[in-house]
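Asker: Pasting the relevant annotations from TrEMBL:
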TRANSMEM  B:119-136  transmembrane segment
TRANSMEM  B:143-163  transmembrane segment
TRANSMEM  B:169-189  transmembrane segment
TRANSMEM  B:196-221  transmembrane segment
TRANSMEM  B:241-266  transmembrane segment
TRANSMEM  B:287-314  transmembrane segment
TRANSMEM  B:334-359  transmembrane segment
Amino acid sequence: MSTIMALSLVLLAVMVLVGGHKGALAFLSLWLNFGCLFLAIILVSVHFSPIMVTLILGILMLALTIFVGQDDLMTTQTAFFAAVLVLLILLVLIVPVEHWAAVQGFGMEDSDELEGMSLLVGINFVKVSIATAVLSTLGAIAEAAMAIAAGLSELIQQHPSIDTHALFKAGMHVGQQIIGTTFNTLFFGFFGGFLGLFIWFADLNYSWGELLNNKVLDAELILVLFSLISVILTVPMTTWVMTKRLQMMRKKPR
Amino acid sequence: MGQFFRRWWRVALLLVGGLLLVGGTRYAAPLYRQPILQVTASKVTTVTKTKDEFNNRDRQYTQYLTGRVLNGKHRGQTLQVKNSYSASGAFDQRYRVGDQLFISRSHKTILIKGLKRDTVLVALLWLAVCLLVLLLHRAGLMALLSVALNLILFFLAIELDLALRSVGFLYLFGGLALLFALLTLWLILGPTKQMVITFAATVSGTVLSMGLSALVLALTHHNGIYYETMAYVTQVAPQPLFMAATLLGSLGAVMDESTDIVATLFELKSDKPAISALELFQAGRQVGTAIMGPLINVLLLIFIAETFPIALLLLKNGNSWGYTFSMTMSLGMAQSLISGIGIVLAIPVVSFLASRLLVTKAGAVK
């Protein structure tokens, strides 16, 4: 049996043991997300526009992460709308920055890996770098939006007559509570992967100037910074969507 | 009034200071030892249509750049450089007027080493810091502080590893993971009982999942895990490097989750002091179940999305889906699964520890 298969079975087993039926659904959502990511790469390889592919599959992946296995509609719908809005803002920010930074494709440090391959494949790698940046941050956006929306809908249940100003303050307060740990999830998630790269840089005595302008490192750091920015933006956005929703629900005559 | 003024003074300092820093990088050429050229004119001369053996069509351009040297002993000199780039730009790029480029000169040949990217990096960092401090105030600053301190620890550990020539590599980074967890949780929670429980749960959840995964890897003989595809391997063997990367990668997510669960259980306990250990345990399990899926997804997307460019290149070079997966994503997938196991196992561990410790205290009161 292949190791990936065995590890998947172990994960499925522990997820079902701990979470029961919901655990199984969460496992399914994980693989569906992976399927979407792989599909995105295949669609881009047959010359679909990377940005359109990212937008459509990105929204689908947000829906998969947020809706599968969760049943509180107040939380999930709010989180989903907020996450899609953050995704759109992020795209507007990422497109010019990736063009400006020109960190697309590969750097000198990747030369070994590229040996013998044709690089003239007719796909714009700047657009691929935009797709990469958006896709890698989707999980963090979904997670933060869920946390804020869940906190706020619990608050609304406990205090049904809360005014929107207080709700907004509460949302920012939940954001302040989660931001520290969320940053650490992202920091460790990315820096675990950087370990090899950093040992390489240290080993070959790169100077600070070289590091600061290195294509491979800058590509990675830009991914981290975009993830951080998108998580920060998710906090007020989710809170705002929740207040709008509450206002609309109150206006509606029963 | 005074407080209001002080607050705005700080915001203004952050905004103006950052803007000056970002703008300043455009004039930072004298700080660099490598010669820097600012492009003043560009002319694209030839276009060649290309077609490779896999029928991929592309275009290659030759570009003549004129520029002014910004630093060093040839400062002010005007130079001409040739650049060739492709429409796809996987390993090259087009330069524009205003771009600052690192060059190297030997005798009469001038080579472009790469774009000066410090301005965009500093600008993005500034944007992130501004948003963080303006929207989340003190909590934002603390989050930033913990990331900065962890970064320093990370660099120190790498220097130490090089000094030790990577002997005991896994022990070093295992120890580093412990330090990371201790420092981060202390910064977030302070020296409280909550912090001790979260720390214990993080460590035991991670140790359990690493042990279990090492067992699975050994039993399946690492079948389908291509360590040789690991990028940027120098002096450390790929396999320990993979384990260390996985350990660090899952640590943050496990801490995130344990913090959430412990915080909820503490709140529950103070709301309902008579709650039983079993009820607390079940509540912890419920909170954990709701957040484990999204958390594993965060890591999966981080680990796999990064392989987009190389996977695309392999596909366009006539490789099958299966081969492309094995060569680019099998390591990231294994990493996600191992981290996932850790994230899930931490739930019963943290719920058990918290429920026992919280209820014993109540028992003593009775």
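Placement of Cβ uses the backbone N, Cα and C atoms for every residue, glycine included.
Model, not experiment: these values are computed from the prediction.
So where do these features actually land, and what's packed around them?
Answerer: Long-range contacts of the transmembrane segment (B:119-136) within its own chain (CB-CB distance under 8 A, at least 6 residues past either end) are made by residues 11, 14-15, 18-19, 21-22, 25-26, 143-144.
Within the chain carrying the transmembrane segment (B:143-163), a Cβ under 8 angstroms from the stretch's Cβ atoms is held by residues 129, 132-133, 136, 169, 172-173, 176, 179-180, 183-184, 187-188, 236, all 6 or more beyond its ends.
Using a Cβ-Cβ cut-off under 8 Å and counting only residues 6 or more beyond its ends in the same chain, the transmembrane segment (B:169-189) has close neighbours at 142, 145-146, 149-150, 153-154, 157, 160-161, 195, 198-199, 202-203, 206, 236, 240-241, 243-244, 247-248, 251, 255, 259.
Tertiary neighbourhood of the transmembrane segment (B:241-266): same-chain residues 169-170, 173-174, 176-177, 180-181, 184-185, 188-189, 194, 197-198, 201-202, 205-206, 209-210, 213-214, 227, 230, 233, 280, 283-284, 287-288, 291-292, 295-296, 298-299, 302-303, 331, 334-335, 338-339, 342-343, 346-347, 350-351, 354-355, 358, selected by CB-CB distance under 8 Å and a gap of 6+ residues from either end.
Residues 90, 249-250, 253, 256-257, 260-261, 264, 323-325, 327-329, 332-333, 335-336, 339-340, 343-344, 346-348, 350-351 of the same chain lie 6 or more positions beyond the ends of the transmembrane segment (B:287-314) yet place their CB under 8 Å from a CB of it.
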Asker: How about long-range neighbours of the transmembrane segment (B:196-221): same chain, 6 or more residues beyond its ends, C-beta under 8 Å?
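Answerer: 177-178, 181-182, 185, 189, 243, 246-247, 250-251, 254-255, 258-259, 261-262, 337-339, 341-343, 345-347, 349-350, 353-354, 357.
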